[in-house]
Amino acid sequence: MLIMKSYFVVYRNRKIFTEMIDDLDEVIPKAQHVQEKFNIEAYYKKIRVVSIASSLTYSSLLIVFNIMPILEKFTGFILGTNVKWELPFKFYFPFDATQDYVYPIMYIYETWLCGKCAVEVLGSDLLFCNITSLITMRLELLRREIVEIDVENHEKSLESLKDFVKVHQHLKKIVDKLEKLYSFSLLGDILASTIITCLAAFNAVVK
């Protein structure tokens, strides 16, 4: 479900995403003095921190899930108890996947599949997060620009307001596109989270 969500949202609409990013790039100030004045680099730094933190958290969860069966087997070996091989995830196979000569192959397969799903899901979510962060950043800059309008110069302030309205309309179009693209995705996230929570609880109780 999660892979399908990423495919339908990102891959099929990659042209629209490219246009949205180009549109955002157009409305973000490029002049050096403007970037320094509003400290735009600080916004970019926050976005990078969020992306890195999300990636590290996701990676940590994957490592914990995938390495736990090995740790259980190793602990059993140290304590002298017989611990049966367990795969990271409860998949159904028409054969015994815990046999010594089959287990390594199935373990690698599940680990690869888990990593592939995580990359696709995380990529889709981070794309949404980064685009919304850039939109928020530009709206904040717009607010600060409006506050600093030179009200004494009527003609200049009027021209500035016209430019601000154009930027706001531009951002609104981007937000509308983003909402249409991710409406199904967010619904899928809610359904997937609910299903995963129920299955995880069931698995914990049964185990």
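Note that Cβ sites are derived from N, Cα and C of the backbone, with glycine treated the same way.
Source: prediction; values computed, not measured.
Between the listed ranges 47-68, 91-112, TrEMBL ties the annotation transmembrane segment to 47-68.
Here the transmembrane segment (47-68) has long-range neighbours at 88-89, 110-111, 114-115, 118, 122, 125-126, 129-130, 133-134, 137, meaning same-chain residues at least 6 beyond its ends whose C-beta is under 8 angstroms from one of its own.
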